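Residues annotated as heme binding site in TrEMBL: A:H124, A:Y128. Annotation comment: TrEMBL describes A:1-8 as topological domain 'Cytoplasmic'. The feature topological domain 'Extracellular' is assigned by TrEMBL to A:30-149.
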Amino acid sequence: MKPARKQRLMLIGLMVIGAGLATGFALKSFNENLMYFFSTTDVVEGKAPKDTLFRLGGMVIKGSVERPNDGLMVRFKLTDFSKDVTVEYTGILPDLFREGQGIVAHGKLNAQGVFIAEEVLAKHDENYMPPEVKDSLKNKSAPVTGQKS
Amino acid sequence: MFLIPDPVVRFFHRMASPPHFYAFTERLMPWLVVIFLLLTAAGLYGGLYLAPADYQQGDSYRIIYIHVPSAWMSLFIYMVMAVAGAIGLVWRIKLAEIVAISSAPVGASFTFIALVTGSLWGKPMWGTWWVWDARLTSELILLFLYLGVIGLYGAIDDKRTASRAVAILALVGVVNIPIIHYSVEWWNTLHQGPTVTKMDKPSIHVSMLIPLLLMAVAFKFYYLIAMLQRARTELLLRERNAQWVKNMISESK
């Protein structure tokens, strides 16, 4: 390779590495802000903000969904398989909302430590399969496939 | 060049010659179109008709047969554009510059399609059209990078200078590619994790996976068709004073 070309190739390499490093450091320092939601453990340990709106993500615990006043208000528990948080929400839930499904709620904590949600979004997992396969998995009593949240 | 077999090297040397490229792509085009049509027909038939409904989403999941291949293409085309741009910068090969700039509008379109189809799916499934999570935001930045490349190229009159400027912009933007891919693993996002492009076994049933892969290959061919057509036009425009173009035009008269 001719020296001039070699030099240009090196310059390009350095430029890409430099840009990569700069972006890497910037993202690392903003890491907290780039998290779309807090986990339930964060909330229980008090890492989530008080008195301001934030997002809480977790899996809806099976059998925890109830409608106390027979109205639109729903109460359910979210978990990240270590700590639980109770959530209350008044409104229409998305299609994918169901027990055992990951969701992200936007709202804030009240004085009792209950999360009052203003918006509930369903988090889809990365699994796609026909209903028959799901049924046969259930019969084999396989655990629910990995939730990332 | 010791690692690459001789015939391949000779092929690329010949392709770097404008008249040869022009003639070769002309002969190649019908084949590409036929393969693209066959793959698309097979992929759509498999995806929309043969593949079963999903256990949770029912039929709504079928948008992945457009959304996922488009999103893959948006990353793939960006890498082609950046590598072609780098080759143009280092070796000053005119055709590499042309391939780089011809890829940009195609990549931008695929990025746009990925964003729009994702949004259409997100409203019923997530409950929102758009969220500012890491995956969606970085994909939107990718769209802006493509638009920036197109805009910058158009803003500079000397096309060889423009190609160099565009290549540098594209190369700096390469950092965004791993960010898009790994965003769902590095951060909490509303967007789900990878289904197919991971080290593990794909978490999609094989009857749904095959049409998806067919569509992904079909989209690759569509990209080749669209990019080569743009490249041929761009080549004629740049070489309009060259003897081979004049000969070709006088022959066709």
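Any Cβ shown, glycine's included, is placed from N, Cα and C.
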Chain-internal residues near A:Y128 (heme binding site), provided their CB is under 8 angstroms and they sit 6+ positions away: none
DSSP-derived structure type at A:Y128 (heme binding site), helix or strand or else coil: strand
For A:H124 (heme binding site), the number of other Cβ atoms found within 10 Å of its own Cβ: 23
For the topological domain 'Cytoplasmic' (A:1-8), mean pLDDT (0 to 100): 84
